[in-house]
There are 2 protein chains.
Amino acid sequence: MTEPAPEFSLIARHFRPLAGPGALGLLDDAALLTPPPGQQLVLAADAMVAGVHFLADDPPETIGRKLLRVNLSDLAAMGAAPLGYLMTIALTPGTDEGWLAGFTAGLAADQAEFGLQVLGGDTVSTPGPLSLSLTILGHAPPGAALTRAGARPGDDLWVSGRIGDGWLGLRAARGEIADPDGALARRYRLPEPRLALGLALRGLARACMDVSDGLLQDAGHLARAGGCAVAVEAARIPVSDVTAPIAALASGGDDYELLFAAAPEDRAAVEAAGLAARTPVTRLGRFTAGAPHVSLRDATGRDITPAKLGWSHL
Amino acid sequence: MTEPAPEFSLIARHFRPLAGPGALGLLDDAALLTPPPGQQLVLAADAMVAGVHFLADDPPETIGRKLLRVNLSDLAAMGAAPLGYLMTIALTPGTDEGWLAGFTAGLAADQAEFGLQVLGGDTVSTPGPLSLSLTILGHAPPGAALTRAGARPGDDLWVSGRIGDGWLGLRAARGEIADPDGALARRYRLPEPRLALGLALRGLARACMDVSDGLLQDAGHLARAGGCAVAVEAARIPVSDVTAPIAALASGGDDYELLFAAAPEDRAAVEAAGLAARTPVTRLGRFTAGAPHVSLRDATGRDITPAKLGWSHL
């Protein structure tokens, strides 16, 4: 047993350089982490499957990063700062080392950019498509975390960045639409977690979530959690392609923008938070009294809500 | 949008009753957890794929429990107490509600038995086999967690329970060997995490891990982490079937017993810890000076180490 089994060599070579000090070199059964004193932990987990959540021929540098960024986006939505993550990978047999090297190089770049390190994980083999799962740990002062519940009638509905670029980016990555500089495909593969904005919205947003399954469907989640209705003005939705059908952009997935409620008297404060976080914010609707419901309105106030509000996995 | 998408109804119906108070009803982007003051967090993640780590036709009641128990075993190996877990599930299309009900009923039983609750997760679909990933959180006083490093020449090698039952159980579950009362198949499907023993070994074991990939391979991990060699006496390995080849039992996987090093002067204390934890413990070898190496010895001291020490996924 002088030579460890191949599985352990692979992990050692590619993942160990990514490990934080508590990860015990990824050699142990578990990792140790001393939580920041007096803070609450914020925890999220997401999974991705090749051909479902990313394209099997996406560059390996982007695949792990996308999952990491999707989880960072969950922390952003809670107003939390990142601490570390654990990742499990089900690899197809014969995955070559070049692929693994690219995969971990992408993760290393994002670890540096977002200031966190891998704490542990597991590598297994699968006869099915490449599958990844990631659990992220973050922290926030007790009571400071933003949640989906809290929107009230009269509150404004806000969103960060642009809506629909994830959906356009998927079509671009598939070669279905033009993408001369690759910006749209890149947006699909590497969403931008809005961590700075999430921190700036602590104490300001009454409810917050990230848009992962379509703007309208997710606005519906905020409405239901707040026990009210919400109307979205189609003309206010920030989009990059005004020729694409607004219903498609507003129900496509993979935006990973923050969608949040704030009191009308806090409009200037929300604008200031966006500037401080260098993140565009747009007011695009309003919560109203009534049964939980989301509607999309055109400039004349007409209801143009599509039948399909977003994306469901099952 | 009065009716949520099917994915969310499924999660609501089956998983929400399992959620702890910090899980925000599994309705939010992330869960909140206040860590026990002054404690270190202990974190582990494992993945399982149908047909690789369990049989696709295993009873649904046992599948999630097996993964939870495998992760609890990692906590046991670190001498940690459980806090909670996050689980992601990649379901094959058309998974019926009866299966999900059985799956979550099994998890509910283990949550009650081991005193923890689900904090979050994700449900996605896969064209491949059913795949699960679980991250577990536990805690231990600072500096108290057991690790793989620390065995010294002269230390005894100990193991809990019996070795080889996981391997025999897999063969029984496949119908390859007789299993009149189903005890072996049950052992394969539901390993017993040795949490009480792990706690009792704090301050006593110099190094500890759980046996997941074969006794000999894992003893090699302890030797390498301690910078010494280890010799296992074949006749001392606690087995349930003395007619099975000892090399197969000692290199089969899925035992989930604790394998640990302790000083010879602590033999009585280790026996007492086993009694207190109601867990059998057996002294089966010794660490010696020398390059990292594991050997299996027969009663005459002859080296009968098999070529294959354990199980590798890649």
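The backbone N, Cα and C atoms fix where each Cβ goes, and this holds for glycine too.
The domain 'PurM-like N-terminal' annotation in TrEMBL covers B:28-139. The feature Mg(2+) 3 binding site is assigned by TrEMBL to B:Asp29, B:Asp74, B:Asp210. Per TrEMBL, the feature Mg(2+) 4 binding site maps to B:Asp29, B:Asp74. Taken from TrEMBL, the feature Mg(2+) 2 binding site covers B:Asp46, B:Asp74. Taken from TrEMBL, the feature Mg(2+) 1 binding site covers B:Asp46, B:Asp122. The substrate binding site feature in TrEMBL is assigned to B:His53, B:Asp254, B:Trp311. Positions annotated as ATP binding site by TrEMBL: B:Gly121, B:Asp122, B:Arg148, B:Ser212. Residues or ranges marked as domain 'PurM-like C-terminal' by TrEMBL: B:152-290. The feature Mg(2+) 5 binding site is assigned by TrEMBL to B:Asp213.
Checked against the residue listed as 'Mg(2+) 5 binding site', the binding-site residues B:Asp46, B:Gly121, B:Asp122, B:Asp254 differ in C-alpha distance, with B:Asp254 being the nearest.
The separation of B:Asp29 (Mg(2+) 3 binding site) from B:Asp254 (substrate binding site), Cα to Cα, is 34 Å. Taking all protein chains in view, 24 other C-beta atoms sit within 10 angstroms of the C-beta of B:Asp122 (Mg(2+) 1 binding site).
The Cβ neighbour count for B:Gly121 (ATP binding site), using a 10 Å radius over every protein chain in view, is 28. Annotation for the binding-site residues B:Asp29, B:Asp74, B:Asp210, B:Asp254: lowest Cβ count within 10 Å of the residue's own Cβ, B:Asp254.
Listed binding-site residues (B:Asp29, B:His53, B:Asp74, B:Asp210, B:Asp254) with a CB under 8 Å from any chain A CB: B:Asp29, B:His53, B:Asp74, B:Asp210. Long-range Cβ proximity for B:Arg148 (ATP binding site), meaning a same-chain Cβ under 8 A and a gap of 6 or more residues, is found for B:Ala207, B:Cys208, B:Met209, B:His221, B:Leu222, B:Ala225, B:Gly226. Following the DSSP three-state reduction, the secondary structure of B:Gly121 (ATP binding site) is strand. Across the domain 'PurM-like C-terminal' (B:152-290), mean pLDDT in this model comes to 95.
Long-range C-beta contacts of B:Asp46 (Mg(2+) 2 binding site), restricted to its own chain and to partners at least six residues apart, with a cutoff below 8 Å, comprise B:Leu67, B:Val70, B:Asn71, B:Asp74, B:Ser133, B:Leu134. Each residue contributes its Cα atom, and for B:Asp210 (Mg(2+) 3 binding site) and B:Gly121 (ATP binding site) those atoms are 25 Å apart. Using CA atoms as reference points, the binding-site residues B:Asp29, B:His53, B:Asp122 were checked against B:Ser212 (ATP binding site), and the closest is B:His53.
Each residue contributes its Cα atom, and for B:His53 (substrate binding site) and B:Asp122 (Mg(2+) 1 binding site) these two points are 20 Å apart.
According to DSSP, the domain 'PurM-like C-terminal' (B:152-290) comprises 56 helix, 27 strand, 56 coil.
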